[in-house]
Every structure is written in structure tokens, then in C-alpha cells.
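A.B. asks: Could you have a look at this structure, given as C-alpha cells, before my questions?
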Amino acid sequence: MIVQVIVDIPAAQVNRTFDYQVPAKWQSIIQLGIRVQVPFGRRQLLGFVVGMDDTTLFSGELKEITGVLDYVSFLNPELIELSEYLAGNLHAFRISVLQAMLPNMLKVKYENIFIINDLQKFQTMTLEFAEQLMYGPEIEFQKLTLEAILPGQLIKEMIQAEVIELEYRVLNQTTHKKIPYLKPLLNFEDMQAIVEKQGKRSPKQVQLLTYYLANYPLMWEEAPLNEVAKRSGVSTATIKSVIDKGWFERQERQVYRDPLANQERHSTTARALLPEQAIAFNAVKDAITAERNETFLLEGVTGSGKTEVYLQLMAHARQRGEAAILLVPEISLTPQMVARVTERFSTGVAVLHSGLSTSEKYDEWRRIIKGEATIVVGARSSVFAPLDKLGLIIIDEEHETTYKQADNPRYHARDVALWRCQYHQCPLVLGSATPSLETRSRAEVGRYTLLKMEARVNQAPLPPVEIIDMTQMAVRETSNEFSPLLKEKIRDRLEKKEQIVLLLNRRGYASYLLCRECGYVLECPRCDISLTYHKHDHKMKCHYCDFQQNIPRNCPQCQSTHLRTFGLGTQKVAETLEELYPDARVIRMDNDTTRRKGQHEKLLKQFAEEKADILLGTQMIAKGLDFEKVTLVGVINADTSLNLPDFRAGEKTFQLLTQVAGRTGRGRFAGEVLIQTYNPEHYVMQFAKQHDYEKFFYYEMKRRHIGNYPPYFYTTLISVSSKNLANAQEKIYEIKANIYNQQSSNSDLLILGPSKGPVARINEYYHFQLMLKYKNKKLVQSQLNEILTASQQDLQQGLRVSIDHEPLYFI
Ligand code: ADP
Ligand code: ZN
Ligand code: ZN
């Protein structure tokens, strides 16, 4: 038997399969997707089996694999095929893609170890470091440990003299959670006899045995040890003593950790669908039934009942014995969505989210592999869930940027979903109130089927939106966070005992430290960007690297003490609210108040239970929340995100405003939205006021057409970064010249730049970038491949080169 293996080194030279023989003893356990250890040059590497065959095209003598790591594969043939497609499409190494598909738990790790071959020689050669080395019976050292103590030259000499040898040892981290169980080895009569014989001696042991006798025969199956201790009222020491006596046996049992264990569950049943919901549902249902690969855009206004449609579609797939994936932008931000799924389906749901520990995630993954969970809810990476019979994938809030991975491999979950649905011949549903332009334009030309839901479930109109011109305000008012109108409306709702949501738009916004004497702004020493003031721990922090410092007393430039923080944080706004409305109960939700696990859910629960009047927060409050009592939404600063160096700035701002406006008027009470802005005439404000996504879409499409931007052009961002400014610059010009030389006369390829990144230096790395815009993917394919191939060598010269297709982040 011969296996094709992708080895675990992200480099161009090994970005292909290598053939290995499988020794007889392992032939029966080899499967596609499992990890094996293979000899590679002088090393032992880890690799994935991506193919199996009886023959090889390799003419030399094949080496044998030297180890098998898995008995269960986490990658099925489909995912292996997908990895090949993605690697080619993203210009990423196949190994990186395979790694991205796996739960973190299985991400391979090596231990690099120096083994000592000749202890005597080793001791002589390292005599002067004897104290630090402290060698006892050890015959090996961690690579880093030895390197920290001995000079590189000496290590080299010892390797050459074969005194020591470097070994790459694969660490297999998989640990299944195990808990101890207790099983009696005595039968009822024996146990009874002991109790009688012991009399007053060892009362605790007797107490335990009596408990067992009282529960005969129930307890004769093994039971969790801690549980037994608790119920019988004895200590674990007592249990240990009866195990030592040979009366009981201790066993380890594997358990799945249930991440939903601590949540209350009510069950819900399907609701009768409203007309628009029914049309949408039936269209997708037909595609599921007919096993037809069709992509639907479900464009439904906020509160139109998209989730109910998702739930019923998943139920339909499950009835047919098929699995479904529901992707959400970020699980911790959408607790209500997750709750609705788990309430509807009491069993067989796997929830994969970042709040889970690595091993909890791993457990969920194993339930999927075993077919125990056929509905998977999760963020981006859940799109790789190894389900064998997929009947449906749904992507909720499909316009969210979190669906695109920001670092290598830079895949978009939507593209992966498109591929998988085609593979499984099943439908894909993209849901949003404000679809991305890319998606909406595909629906426009008929590549996706457009399903619209224009009415809210409660039959109420969308809430009226008022745009407040803040340019009029700033001069008159001292505190310019709240316009008089917003203040008045807040007071009104407080009096009526209704609830209020206030959004502080933090995108593109930060508080900085400014010297009022000389105008100096405190910057990060490693990045070309100002430091952000963090009030809760009173520190200045860099949002790009992790640099932080205390607030200086004096201006570093002119020594003046007149330093002041500028900008608006949620904490500052919360303080103003407290001054204005001393009796109002305010919940503040931002990165600082939700850092701890579960805190997000807790705050929302408080708000839902009407333990607060005002929910003040950043972007994280804009999505998916459904509170009936909210009758006022206020946006404190709508514009900050409009001025970002990003051609999608308008689209992102429109989406945010529409999302947050949708948080009101959802129940029996009418709602109202106030948007404060310094750009009241801006088209984004105007379309948001009208809740008119469609008009916004056509307008924005025109702008993209004029500017040659997506969806009219494909875009690829090539970036080069290095600690050496000149090298980075030279490299980016070289890349441009290469592309230009081959394509100069082609008007379907536009090259923008090179330019400095919007932040020219991040964490001591200088950034340059080049934007390619093109109409035909073939135009740049070969050049991008060359760049990828060269990237390993570039790295050795301290140059990081990356390729980002359809970039969503521009830093
Ligand atoms: P969206 O996701 O489109 O913003 P939701 O799915 O949150 O909308 O639905 C809004 C509200 O309407 C929810 O409280 C939901 O339970 C309720 N709802 C949805 N569909 C129906 C229906 N067919 N009948 C009654 N209530 C419904
Ligand atoms: Zn100064
Ligand atoms: Zn920094």
C-alpha cells in the first residue's frame, strides 16, 4: 500500500504530495485524512494522508511511514479535495489549508529535542557550562534550553562530531477528558458480610458499603466517583481505601463536555409561517428535496423572521437524514440565535464557538465525526465541519467581515460554502437585511435566487429615522455628545419606563492623548499610529501591537503638563448619561466590560429582564438582539467609520446603521431612531433614513463602477513587510515591475501603488502594498504563483510577502 502525504512545512518546495510505503502492520488503520509520521531528509515530519494507491510514479525506492497518529480521521475525502481547491484559489500552501480545517486540538506541534549520543564527550566539551546545564541522568535537552545556554558555534561543532543530534519529536496533544468511575468488585452477599464483620470499625467504609447495599442493584454498574462520594457522604480518601482493599475498581471513562450544560432550555415548536416566510421556505425546501445546488439570497428586513425560516429549513433537512450548517458572524455576539436553535432541536446540535475551550471544541468535533450531531452552529471555521451528508448550509448576516479569515489561509466562508454545497448538491442560503454588494449583484444577474421579505413579523412599519445635524450643535453646547433632541427623547422613554439602545460607533475611532501646548500626539514607538487611551486601567495602548504605557506627566516634546485625552469612549458617554439622568440604570457593553467569558450573555440577560433602562455599547450591540421594550435607538456618532481608507466605508456604515436601527419597534411598541452625524447630507445617512437598502445598492454600485472596484473588478492585495524599510520598498517595486512587464498593455488589469500601508509601520515592521484590480483571474494567476513560490526565500531575508484575495481589511 502506498500513501500520498502532504508534509507539515509551509514551503513551496514541499507544496505537493510525497509517496510513502505503508508497513503491513499499519495497512488496516490507514485512512484518508489521518496524520502520519514520515522520514523526510534527515528529519521525521508529520503529514496528512491525502491519497492512497497501489502504485507510484516515483522511480526511486519509497521510504516507509514511521508512525500513525490518528485512528479516526477528522478530514473526509470531500475536505481533502476542498483543500486542494482552496490552496490553488487562495495562493496558500495546502498544508496551511489542511491545518485551518482541523480543530485546534489537532494542530500539530513538535518538540525539538537534542539527544546526547555520547555523554562523556558532551560533558568534556561543555565543561565550562556545567553549572547551568546541571546534567544528571539526562540524555536529552529541549532545543531552546540548550540554545539558551551554549554558544551556537559549540552546538554546531557537537552536531558535526555527532556528540548530539537534533530530533523533531511529534507531540500528540489529544487528550480526551476523562473522569474517574467507581465499580464494585464484590457481589451483594460479600458486601453484606463485610458490613456485618466490620461492626464499629472503619465507620466510613461501612457507610459507603451500606449506601451500595441500599441501592442494589442500581449501583452495580460503574458510577462517577465524585458523585458516589457526594451521595454516600464519604470522602474520596475513603473511596481510595476501599479501592486499595480490592473491593472496588477505579476506571477512567471518557466523557463529552457539554458546552450547553449550564443553560436553561425551553423547547419551541415550528410557528405557522407568514406569507413571505412561506414563499422563501418553500423555495429552499424544494431545492433540498430535489437535491439541487442553488444559492439563495434571503434579503429580509430586520425583524422579518429570517431565523424562523432557517430553523424550519434545518428541520426539513434533518427529516431527510441530512445535516445542516448554520454560520453566524460571531457566536458570543449572537446568544439569542444560538438559544433559538438549541431550543428548537433538543438533541444532535453541535455549537462551535470561540468561547469554548480547545478541548470542548474538540469534543463537539468528535460528535460531528461520529454522526451524533447533524446540526452545526458556529462561526467561520465551522464551515469545515466534517459532515458526510450535507443537506443545507445557511450563512446568517452574510455581509459580515468576520466570515473572511484575516490571516493565512485567507479564505472566505462564503466561498467554501459555495464549493461544499456544489459537492453535496444542496442549497446555500445567504441571509441578510443588508447583503454585501458582491452577493446582491450576483442575485441581480441571476446567479443567485433572490428571496425578499419586506414586512416585519409584527406587521409594524420599520421605525422612523431622524438625522440630526451635529455641525449646528458643536458651537453652542459644551458637552457635544448628545443633541437636545436625543436628550429629550431619552428622558421621555425613561419616564414611560421603556428601553433605549445607544450605539457609539467605534470603528475608525479612538481617544488619543494630545499636548495642548505644542500639539504633540502620543504615538506607539513601534507603529506609526497614535496610542489609544484606556480609561479602566488608565493606560495608553496600541491597537496594532500590544504595546502599552502609563500616561506621561509631561509632554515628551515640550515638557508641558497640559496633556489631555481627546475622543469619546463608552465610559465617558456613560458618565455623561449619569450626570444627565442620575436615576437611569445603564448597562455598558464594550470590549472592556465583556472581556470575561459569559459576561456578554449576562449583560444582555439583565437588559432582557428589564433590570436596566439604557443599553450603551459599541458595534457589538447592533446585531441580532430582539427586545420588545426597546422603543428608542440613538446613534451617537454615525460618521467616524465613513472616513476610513477603505472603498467599503460607505457600505459598512450603512450596514451598521441599518442593523442598529432594526433593534427597535420589534414588538408591540412602536420604535424610533435618531442618528447624530456631522455629514447629514451624505448618501449613506439619507438611505439609512429611508431604510432603503435597494436604493443604496444601486447608488453604491454606480460608485464602484466608476472607481473600478468590486464587484466589477476582482481585487488582490499584495503586501510586503520588513523591519528594514529599504528592503521592503525594493521588494514591492520588484513585484510590481514583474507584473507590469508581462501585462503592461492589458486594460483589464489595473495596478494601484505601491503605497505605504494605512499604518506605515506596525510592530516595527514597515508595510507596503500593491492593489491589483482585474477582470479575468487568469491574468494574474502565474505571477501570483511565482510570488507564493518565492515567499519562503523572501522570508529568510526578513521579508514577509502575503497575497490577499478580495481583501476586507486594509491595515
Ligand atoms: P430577523 O432575524 O429577520 O431580524 P427574527 O427571526 O429575529 O427576525 O424574528 C423576529 C421576531 O418574530 C422573533 O421574536 C421571532 O420569534 C418572531 N417570529 C418569527 N416568525 C414568526 C412567525 N411565523 N409567527 C410568529 N412570530 C414569529
Ligand atoms: Zn507638548
Ligand atoms: Zn504598536
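Glycine is treated like the rest: Cβ placed from N, Cα and C.
TrEMBL annotations: computationally assigned, not manually curated.
Residues annotated as domain 'Helicase ATP-binding' in TrEMBL: 287-453. The Zn(2+) 1 binding site annotation in TrEMBL covers Cys515, Cys518, Cys555, Cys558. What TrEMBL records for Cys524, Cys527, Cys542, Cys545 is Zn(2+) 2 binding site. What TrEMBL records for 550-704 is domain 'Helicase C-terminal'.
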A.B. asks: What does DSSP say about Cys518 (Zn(2+) 1 binding site): helix, strand or coil?
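C.D. replies: The residue in question, Cys518 (Zn(2+) 1 binding site), is coil (DSSP, three-state).
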A.B. asks: So what's the mean pLDDT when you look at the domain 'Helicase C-terminal' (550-704)?
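C.D. replies: Value for the domain 'Helicase C-terminal' (550-704), mean pLDDT as a whole number: 87.
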A.B. asks: In Å, rounded, how far does the Cα of Cys545 (Zn(2+) 2 binding site) sit from the Cα of Cys515 (Zn(2+) 1 binding site)?
C.D. replies: 23
A.B. asks: At the Cα level, what's the spacing in Å between Cys558 (Zn(2+) 1 binding site) and Cys524 (Zn(2+) 2 binding site), rounded?
C.D. replies: 18
A.B. asks: So if I measure Cβ to Cβ from Cys542 (Zn(2+) 2 binding site) and keep only same-chain residues at least 6 apart in sequence, which ones fall under 8 Å?
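C.D. replies: Spatial neighbours, sequence-distant, of Cys542 (Zn(2+) 2 binding site): Cys524, Arg526, Cys527, Ile529, Leu531, Thr532, Gln548.
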A.B. asks: Which residues of the same chain, at least 6 positions away in sequence, have a Cβ lying under 8 Å from the Cβ of Cys518 (Zn(2+) 1 binding site)?
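C.D. replies: Listed in sequence order: Cys555, Gln557, Cys558, Ser560.
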A.B. asks: Looking at the binding-site residues Cys524, Cys527, Cys545, Cys555, Cys558, which one has the fewest other Cβ atoms within 10 Å of its own Cβ?
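C.D. replies: Comparing Cβ neighbour counts within 10 Å for the binding-site residues Cys524, Cys527, Cys545, Cys555, Cys558 gives Cys558.
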A.B. asks: Taking only the binding-site residues Cys515, Cys524, Cys527, Cys542, Cys545, Cys558, which have a CB closer than 6 angstroms to any atom that belongs to ligand 3?
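C.D. replies: From Cys515, Cys524, Cys527, Cys542, Cys545, Cys558, counting a Cβ under 6 Å from ligand 3 as near, the near ones are Cys524, Cys527, Cys542, Cys545.
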A.B. asks: Hey, what's the Cβ neighbour count for Cys515 (Zn(2+) 1 binding site) at 10 Å?
C.D. replies: 21
A.B. asks: Residues near the Zn(2+) 2 site, Cys524, Cys527, Cys542, Cys545 excluded, by Cβ within 8 Å of the Cβ center?
C.D. replies: Pro525, Arg526, Ile529, Leu531, His543, Tyr544, Asp546, Phe547, Ile762, Asn763
A.B. asks: Taking the centroid of the Cβ atoms of Cys515, Cys518, Cys555, Cys558 as the Zn(2+) 1 site, which other residues of that chain lie with their Cβ within 8 Å of it, listed in sequence order?
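C.D. replies: The answer, listed by sequence position, is Arg516, Glu517, Gly519, Tyr520, Pro556, Gln557, Gln559, Ser560, His562, Leu563.
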A.B. asks: Relative to ligand 2, which of the binding-site residues Cys515, Cys518, Cys524, Cys527 have a Cβ found under 6 Å from one of its atoms?
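C.D. replies: Cys515, Cys518, in sequence order.
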